[in-house]
Each structure stands twice: as C-alpha cells, then as structure tokens.
Amino acid sequence: MQLYALGLNHHTAPLAIRERVAFQPDRLDQALQALTDSRTVSEAAILSTCNRTELYFAAEQPQRAADWLAGFHQLPLAQVSPYLYSYPQRDAVRHVFRVASGLDSMVLGEPQILGQVKEAARRAEEAGTLGTLLHKLFQNTFAVAKEVRSTTAIGANIVSMAAAAVHLTGRIFERVSDQHVLFIGAGEMIELCAAHFAGAGPRSMTVANRTEARAEALAARLGAQTMRLDAIADALPRFDVVVSCTASPLPIVGLGMVERAVKVRRHRPIVMVDLAVPRDVEPEVGQLDDVFLYTVDDLAQVVDAGIESRQQAVVEAEGIIDQRVDGFLHWLHARDAVPTIRALREHAETLRRGEIERALRQLAKGEDPQAVLDALSHGLTNKLMHGPTRFLTQAEGEGQAEASRVVQQLFNLSRHD
C-alpha cells in the first residue's frame, strides 16, 4: 500500500477549473465514502480550498483516483487531466509537508492553510476514511508545519522589537483584524506591543493586570476591555493571541489552563508571546500542537535577522521538510517490513520447537544429555542456515555476487570471516 497526492491548484489551474472541482463542505463525507468505496483506495482525505483541491490517499494503484475526481464532479477526465499533478509516496509526503507549511501557497507562508489541512484530517477521521498511514502522515505534517513556522521567518518581516509580536502573530494568522487579543500586564513593554496591535485593528483587545487601575488606564487609551487576572483561566478560550509581560515570579499561564483552552477552541491555533523574565507562560505550553509560544529571545532573534530573513527562511524550511520526509519514509519502510519480520520469527520458532521436542524425546530415552544438546544445536544451526545457503548456491551469474553481498550484510559478515 502506497501513499499518493493528486490534485490541482493555483499554480496549475485557473479559477474557472478550480471552482468546478471544489468540494462543498456538506458533500465532503459523501465524497470520502465514495472514494474509499472504489476498492482501489483504502484511506483518503480531501483538502478543498479556494486555491487547491487535493486528494491524499493510500492505494495499491493510483490511476483511478483521477477518473473518480472528474466523475464525482460530472466532468470529462480530458477537461481536468491537463491541470492535474500526481505524486507517489516520497513526493506525496513532501508535497503535503510543503502545503501545510505555507511553501506552496499563493501568498508565501500564509497561515490559514495549516488550519485547512487540520480540518481535512478531522473530516476524514469523522468519515472513517483516515487509516493508520494517513493518520501518521497528518501527525507528522502538523509537527513539521509547526516547526517551520516556529523556527523560520517564513511568514514574517520583522522590523522592531515591539512590532515583532504583531509580525509573529502574522505567521499564524493572516489577518490580525480577525483575532481577539489578550494582554497580561500593563507595563511599558505591554503598552508598546498593545499600540502596535491596535494599529492592526484586532477584533477585540482585553487587558488583565494585577493592579486594576493600571489595566483600566491602558484600556482607556486603547479602547480595550479589562479583566481580572483570576478570570484568565475561564476566559482564555476566547482569545486567539495572548501577549504577557508581568513581574510575577511564577508563571501566570500554566500548561493545564492552556490544554483546556485548546480543547474548547477545537484546536484552533493560539499565539502566545511571553516577554517576561522570569517567564509568565510555562515552557511546556510550547509543546502543544496548536499553540505557538514565543519568548523574548525569539523576538530578539527575529529582529536581528532583519528583512532578508524571509528568503533565507524558505531555504531553512525546505531543509527541515527534507529531513522530516526522510524520517517519515523510514517509518513507512519499517512498517512494510513487519509482516516479513513476523513470518521470519514464526519460522524460527517452528524450527526451535521441533528441535526441542526431538531433544526431549532423546532425553526421555536416557541418551547422554551432552550429546543431545550438541545434536540440538547442530540441528537448529543447519535448519536456520539452510535457507541462506540454498539462496547462495542457486544464484547464478551476476546474481551470485549480489546474493553474497546480501548474505554478508544480513549476517554482518566480512569477506575474511
């Protein structure tokens, strides 16, 4: 069973074609069931956005997927096929990683695509078409996309320390104007950051501070709301962006609090910018899949990188993706070997049991134990070596050299052993 990606996008097809093969959300379950009912496809997920329609699937033979895509939309295959691309295994994995990381987007590094890929995986899981291969693929995809966005400047052009928080948010959310922002603290750094966010026109801003009077004063200047610190835990799911900088000696935002918020948000991403020293947000929060946590050091590094970091980020992102593709394919190949490993062990166990039973019969007859053990070891050795020996002696011509190489590698032999 192999993984494949098939589809078309803004690089290969005009809008007039893309809109004709887009999947409506209310027909997605039906489409997934129909695709996997075709017998040639065992697992499937469908990503359908304004700029792309892609099928990610596991199959023995991928050819019929294009026929199915055209047929589902009642289009002649000849009308669709000139715009289609099809990627097998390695190329498919790399493509999905690049898509989710924003490297294949119309706007380089745009953040919405990751949420759309997550939604495609969720819909496939709900429809029962997300099997072991695709589940593992999407797990790796989300981890790669997060690594790319967290460790490169693929979606940002940072120009100042205070503006960095807004630009870091822009890596994850295309429009800050659609987001709800929470500021924890009311000192100078928070005020500077809040001014930059206000310039981006977020949907709402809220200030939480230990001293309510300072929170109210800052909120009044920004046209923001206020909140008590002890209300953050319950209110956190409402916010898409959290910027914190207090003088608290202990973290204000804990792992459990954020885990609950992510669950309530149905895994919509949340950006946390922690400018405090000591930190206001527990570091473990950064390990959560849907949380993008940045510290004061992260902002400093991005500022130092400057405007040229964007093109360098593409190179860095491609390097990350290439490494992660190799890792995923290693898992795939190891998984493919499992049936052979199981059969090999079962074969060896059958031989072992046969020799043990023969030895026990000989011992029951009163034969010399040392002789019985010698016979057992020789018998087991001969039976285990019979297959490799036969493999070598039956090889002919150029195949004999290859057979010798395989056996030497298999048993960790050198030519002088």
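Placed from the backbone N, Cα and C atoms, the Cβ positions cover glycine too.
If you check Swiss-Prot, you get these features:
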ACT_SITE  C50  active site, nucleophile
BINDING   T49, C50, N51, R52, S105, E110, P111, Q112, Q116  substrate binding site
BINDING   G185, A186, G187, E188, M189, I190  NADP(+) binding site
SITE      H95  site 'Important for activity'
Cβ-based isolation winner (fewest other Cβ atoms within 10 Å) among the binding-site residues P111, G185, G187: G187
Most Cβ neighbours inside 10 Å, all chains, among the binding-site residues T49, Q116, I190: I190
Cα-Cα distance linking M189 (NADP(+) binding site) and T49 (substrate binding site), given in Å to the nearest integer: 38
Collapsed DSSP category at G187 (NADP(+) binding site): coil
Binding-site residues: A186, M189 - member with fewest neighbouring CB atoms within 10 Å: M189
Listed in sequence order, residues not in G185, A186, G187, E188, M189, I190 with Cβ within 8 Å of the centre of the NADP(+) site Cβ atoms: F183, E191, L192, C193, C245, T246
Closest of N51, H95, P111 to G185 (NADP(+) binding site), Cα positions, recorded positions only: P111
Proximal residue to N51 (substrate binding site) among recorded positions H95, A186, M189, I190 (C-alpha distance): H95
Among N51, H95, S105, E188 [recorded positions], residue with fewest other Cβ within 10 Å: E188
S105 (substrate binding site) versus I190 (NADP(+) binding site) - Cα distance in angstrom: 33
Cα distance (Å, whole number) from S105 (substrate binding site) to M189 (NADP(+) binding site): 34
Between E188 (NADP(+) binding site) and H95 (site 'Important for activity'), the C-alpha gap once rounded to whole angstrom: 44
